[in-house]
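**Student:** Got a structure for you, written out below as structure tokens; questions coming shortly.
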Amino acid sequence: MTATATPVVLPSDWRDFFALTKPRVMSLVIFTGLCGLLAAPEGINPVIGFTAILCIALGAGGAATLNQWWESDLDAGMKRTAQRPLPAGRLAHGDALTFGIILSVGSVIVMGLAVHWLAASILAISILYYAVIYTIWLKPRTPQNIVIGGGAGAFPPMIGWVAVTGEITAMPILLFAIIFMWTPPHFWALALFVQSDYAKVGIPMMPVVKGEASTRRQILIYAVLLLPFVIAPWWIGGTGAIYGIVALVLTLAFIALSVPVATRRAVEGDSMKPEKRLFGFSILYLFALFAALVVDRFVSPLWNL
Ligand code: HEM
Ligand SMILES: CC(C)=CCC/C(C)=C/CC/C(C)=C/COP(=O)(O)OP(=O)(O)O
């Protein structure tokens with residue numbers, strides 16, 4: 001008689017549920033949402049504003065939970081993700097699914113009731129975008145997965161802005177476009193130094209399918225294409241010069257760091273320093289760019305900039 005292996009689930013605590021929300025990644029998602037909210041004209045009642053950001057955080061955490069519930073087999077096969085609560089057996093799948101659904105549905109309902117139904121609808125779209133369109137549909141099928149899927153992470157500043165104004169205008173669309181164009185260099189820089197992991201579990205990430213040279217070229221192309229999008233808010237008069245100058249300097253630095261990544265080939269045992277530097281800078285870049293947007297909103301009018 002052969003024994004059937006029953007998965008062992010170790011006792012879980014709140015830390016495992018917290019880890020399911022991908023808190024480090026989502027910190028930037030929440031920050032860009034907060035900046036969208038603060039940069040919007042008119043301003044918002046602080047309690048309603050806080051509720052809106054809480055809903056973005058809970059919704060993003062819910063979507064990240066559903067992503068890991070769906071992908072626990074893949075995560076088990078990659079060194080970077082094998083210690084996550086589900087593949088490590090610290091959490092039952094059913095509990096993760098329930099947690100993900102409660103956060104996702106709850107955040108949308110609270111956003112709708114307490115803040116605005118248009119903001120709630122965009123939040124619902126972004127959760128479905130990340131959990132279904134990106135995770136279930138695009139990620140296992142096409143190397144364009146993160147180009148199209150990048151839309152999921154681009155919604156938060158638009159949600160923050162719309163929570164205040166109740167309408168979708170040029171500025172929130174541009175904030176969406178900025179993160180959309182930023183995502184490919186952000187992720188492909190990382191994929192270049194963890195690509196063996198993705199190949200192992202059959203995920204068609206760009207470096208695995210199209211090769212390193214093509215990925216490196218595309219990183220630079222997206223970094224350059226990002227420039228008109230980051231300048232556009234200043235150009236259309238949606239921000240002052242503080243944002244414009246910071247955006248220009250930051251993006252030129254982003255392009256400058258993409259050049260060595262685009263023009264080199266990794267050799268056996270390579271430390272992948274330029275790729276790691278670009279990935280690290282991509283995160284700092286978005287934090288600084290969105291911080292500049294908020295500083296500009298409050299300081300530029302004082303100086304008539
Ligand atoms: C489809 C689009 C994206 C993909 C595939 C992606 C993928 C990744 C991956 C695999 C990591 C490594 C960290 C980990 O293992 O959890 C990472 C890190 C990170 N990502 Fe992204 N990302 C995307 C979009 C975004 C967006 C839109 C944001 C925020 C606006 C973001 C913010 C971050 C941050 C802050 C980190 C660093 C986390 C840390 O310090 O560990 N990412 N990303
Ligand atoms: C409000 C809302 C719903 C926001 C969505 C936020 C968002 C940033 C989505 C995409 C970013 C992300 C964590 C990608 C990780 O890719 P992966 O899941 O393929 O990475 P992995 O290989 O680490 O699992």
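Just so it is clear, glycine is given a Cβ too, placed from its N, Cα and C backbone atoms.
What TrEMBL shows for this protein is this:
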TRANSMEM  25-41  transmembrane segment
TRANSMEM  47-70  transmembrane segment
TRANSMEM  91-111  transmembrane segment
TRANSMEM  117-137  transmembrane segment
TRANSMEM  158-181  transmembrane segment
TRANSMEM  219-236  transmembrane segment
TRANSMEM  242-262  transmembrane segment
TRANSMEM  283-303  transmembrane segment
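Just tell me what is around each of these and how deep it sits.
**Tutor:** Distant neighbours of the transmembrane segment (25-41): 49, 52-53, 56-57, 60-61, 64, 153, 156-161, 163-165, 171-172, 175, 179, 239, 283, 286-287, 290-291, 293-294, 296-297; these residues of the same chain sit at least 6 beyond its ends, with a Cβ under 8 Å from one of its Cβ atoms.
Cβ atoms under 8 Å from those of the transmembrane segment (47-70) belong to residues 20-23, 25-26, 29-30, 33-34, 37, 84-86, 93, 96-97, 99-108, 110-111, 114-116, 119-120, 123, 126-127, 130-131, 134-136, 152, 156, 159-160, 163-164 of the same chain, restricted to positions at least 6 beyond its ends.
Same-chain neighbours of the transmembrane segment (219-236): 170-171, 174-175, 177-178, 181-182, 184-185, 188-189, 243-244, 247-248, 250-252, 254-255, 258-259, 261-262, 278, 289, 293, counting only residues six or more beyond its ends whose CB sits under 8 Å from a CB of the stretch.
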**Student:** Which stretch from 117-137, 158-181, 283-303 shares the most C-beta pairs under 8 Å with the transmembrane segment (242-262)?
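**Tutor:** Stretch with the highest Cβ contact count: 283-303.
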**Student:** Would you kindly list the residues that approach the transmembrane segment (117-137) from elsewhere in its chain, counting only those six or more residues past its ends and only Cβ-Cβ distances under 8 Å?
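**Tutor:** Contacts of the transmembrane segment (117-137) (Cβ under 8 Å, skipping residues fewer than 6 from its ends): 52, 55-56, 59-60, 62-64, 66-67, 70-71, 100, 104, 107-109, 111, 145-146, 148-149, 151-153, 155-156, 158-159, 162-163, 166-168.
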